[in-house]
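Enquirer: Swiss-Prot lists these features:
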type: SIGNAL; residues: 1-16; note: signal peptide
type: DISULFID; residues: 48-126; note: disulfide bond
type: SITE; residues: 59; note: site 'Transition state stabilizer'
type: ACT_SITE; residues: 137; note: active site, nucleophile
type: SITE; residues: 138; note: site 'Transition state stabilizer'
type: DISULFID; residues: 188-195; note: disulfide bond
type: ACT_SITE; residues: 192; note: active site
type: ACT_SITE; residues: 205; note: active site, proton donor/acceptor
């Protein structure tokens, strides 16, 4: 897979999109707005949340939650309470640059170390917390690589993971290596070419908003409650 395919298609997407997806909306989803949350890194171990959600945004997205993360966070907070869940985006060494998509694991080694560090910090700071995770596009590859590389003792604390537009979906057979399939939910739209082994960005790759507002957080909530009970 060549990096030029990704950059060329990003430039060409506007002229090729169906009229049902306005160019401005799609550009905003791929390149625009985002929110930053650092509840884990800023939080006090004396007041740990019961649940910690660690999320990796897609390429070029701003903040550390990007475009989809805030919707998931909102639904999680509705379910568990504002103090019952900590929301943590992956920032720091994870730059979410386009070129890193072409690396063997779909992101950089530095980014993987960054997300691993957040899982490790969650385990050290809040050892009784239930962990959940997610990622979009390059962030999905990052989430998968990080979970795969975790020490098994920490990995076993992850109740569920959601991946959108998973760039390593084909290579990893629709799952996360070394992680239970029943704790993984992959969202790959029909026509999203990155889910079939390409780095070509087509319109379906940019339309995961409804999944982030509904099925994805609902899956995570279900998995957390299976571990912690319905309270």
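Cβ from N, Cα, C; glycine included.
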Enquirer: Filter the recorded positions 48, 59, 137, 188, 192, 195 down to those whose C-alpha lies within 10 angstroms of the C-alpha of the residue listed as 'active site, proton donor/acceptor'; answer none if the list is empty.
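Expert: Checking each Cα against the residue listed as 'active site, proton donor/acceptor', the hits are 137, 188, 192, 195.
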Enquirer: According to DSSP, which kind of secondary structure is residue 195 (disulfide bond) found in, if we only use helix, strand and coil?
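Expert: SS state of residue 195 (disulfide bond) = helix.
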Enquirer: Between the Cα atoms of residue 188 (disulfide bond) and residue 138 (site 'Transition state stabilizer'), find the distance and write it as a whole number of Å.
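Expert: Rounded to a whole number, the Cα-Cα distance is 13 Å.
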Enquirer: Does residue 137 (active site, nucleophile) have same-chain partners at least 6 apart in sequence with Cβ under 8 Å from its own Cβ, and which are they?
Expert: 58, 59, 101, 164, 165, 167, 194, 205
Enquirer: Please state whether DSSP places residue 48 (disulfide bond) in a helix, a strand or coil.
Expert: coil
Enquirer: Reduced to three states, what secondary structure does DSSP give the residue listed as 'active site, nucleophile'?
Expert: coil
Enquirer: If you run the three-state DSSP split on residue 205 (active site, proton donor/acceptor), which class comes out?
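Expert: Residue 205 (active site, proton donor/acceptor) sits in a helix per DSSP.
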Enquirer: Quick check: of the recorded positions listed here (138, 192, 195), which one has the Cα closest to that of residue 126 (disulfide bond)?
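Expert: For residue 126 (disulfide bond), the closest Cα among 138, 192, 195 is found at 138.
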Enquirer: Out of 48, 192, 195, which of these recorded positions is nearest residue 138 (site 'Transition state stabilizer') by C-alpha distance?
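Expert: Among 48, 192, 195, 195.
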